[in-house]
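K.L.:
Would you mind keeping the following structure in view while I ask a few things?
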């Protein structure tokens with residue numbers, strides 16, 4: 001782990017470091033990505049987890065509109081560009097060892113591509129997994145002919 | 001993505017699949033791991049993100065005590081084993097495409113190795129990152145001579 005994160009963990013509330021230095025020290029994986037958890041800022045619901053590269057994070061911080069990196073499409077993924085269900089940034093946070101982001105967001109409508117509010121609709125028990133929510137909007141309505 | 005997840009996304013609330021089938025279809029990465037987000041069940045605070053292999057998840061579901069896989073130590077990491085700050089499982093969830101877990105937990109004391117309540121204490125702005133919480137307990141108290 002970078003010495004910067006060791007230094008920061010011993011720092012008191014209010015200590016600051018320039019964003020460029022922090023993002024250079026962050027622990028991007030072999031593909032240059034970091035997982036980003038999106039949480040609805042007021043209700044506390046965890047909506048989804050997706051990935052960001054440095055450029056996607058910098059764009060998100062600059063514009064306030066959440067932009068991920070799509071691993072399947074290998075392209076920027078500006079949330080809501082196709083579905084219309086945008087994600088606006090309220091607060092971005094990096095964790096203690098610089099390898100995970102927490103984004104507090106304001107998500108309009110469903111965050112999940114299935115049309116459900118959030119992606120975590122499979123509840124697990126030791127015996128089974130169970131679907132426990134239904135779509136708010138059908139994927140066909142969300143994505144139309146584009147899907 | 002596995003056909004099982006495509007089938008489940010079109011299923012209504014209440015649809016079930018055997019846990020073995022679901023975990024076989026889950027999208028473990030090249031190291032056999034899936035990221036797991038830990039959220040305090042009542043307050044909604046996102047505490048940390050760590051990794052699980054299938055055996056760690058099965059143990060967690062069976063025992064109700066959260067067990068991760070430590071990538072640095074390449075060993076099971078039963079949260080609280082060294083620090084005493086245990087994590088008890090309230091609910092486990094898998095996401096739409098089977099590659100991320102959300103664990104609703106009851107975390108006693110600090111979840112972060114720095115002694116802070118949660119790991120996401122670096123708030124980001126376009127210009128800087130800022131430490132915005134202090135440890136509840138010093139790491140020396142948490143880990144004693146073992147660290």
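Including glycine, each Cβ sits where the backbone N, Cα and C put it.
Summarising the annotation, TrEMBL assigns domain 'Phosphoribosyl-AMP cyclohydrolase' to A:48-121. Feature annotation from TrEMBL assigns Mg(2+) binding site to A:95, A:97, A:99. Residues annotated as Zn(2+) binding site in TrEMBL: A:96, A:112, A:119.
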K.L.:
Can you check which residues sit near residue A:112 (Zn(2+) binding site), meaning Cβ under 8 Å from its Cβ, same chain, 6 or more apart in sequence, and list them in order?
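P.N.:
The answer is A:47, A:48, A:118, A:119, A:121.
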K.L.:
Sort out for me which one of A:96, A:119 has the most neighbouring CB atoms within 10 A, since those are the binding-site residues we care about.
P.N.:
A:119
K.L.:
What is the pLDDT of the domain 'Phosphoribosyl-AMP cyclohydrolase' (A:48-121) when averaged and given as a whole number?
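P.N.:
So the average pLDDT across the domain 'Phosphoribosyl-AMP cyclohydrolase' (A:48-121) works out to 96.
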K.L.:
Which residues, sitting 6 or more apart from residue A:95 (Mg(2+) binding site) on the same chain, put a CB under 8 Å from its CB?
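P.N.:
Residues satisfying the criterion: A:101, A:102.
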K.L.:
Taking helix as H, G and I and strand as E and B in DSSP, count the residues of the domain 'Phosphoribosyl-AMP cyclohydrolase' (A:48-121) in helix, strand and coil.
P.N.:
10 helix, 29 strand, 35 coil
K.L.:
Taking 10 A as the limit, how many CB atoms besides its own sit near the CB of residue A:97 (Mg(2+) binding site)?
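P.N.:
I get 19 for this one.
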K.L.:
Restricting to the chain of residue A:99 (Mg(2+) binding site) and a gap of 6 or more, list residues whose Cβ falls under 8 Å of its Cβ, or answer none.
P.N.:
A:26, A:27, A:29, A:34, A:35
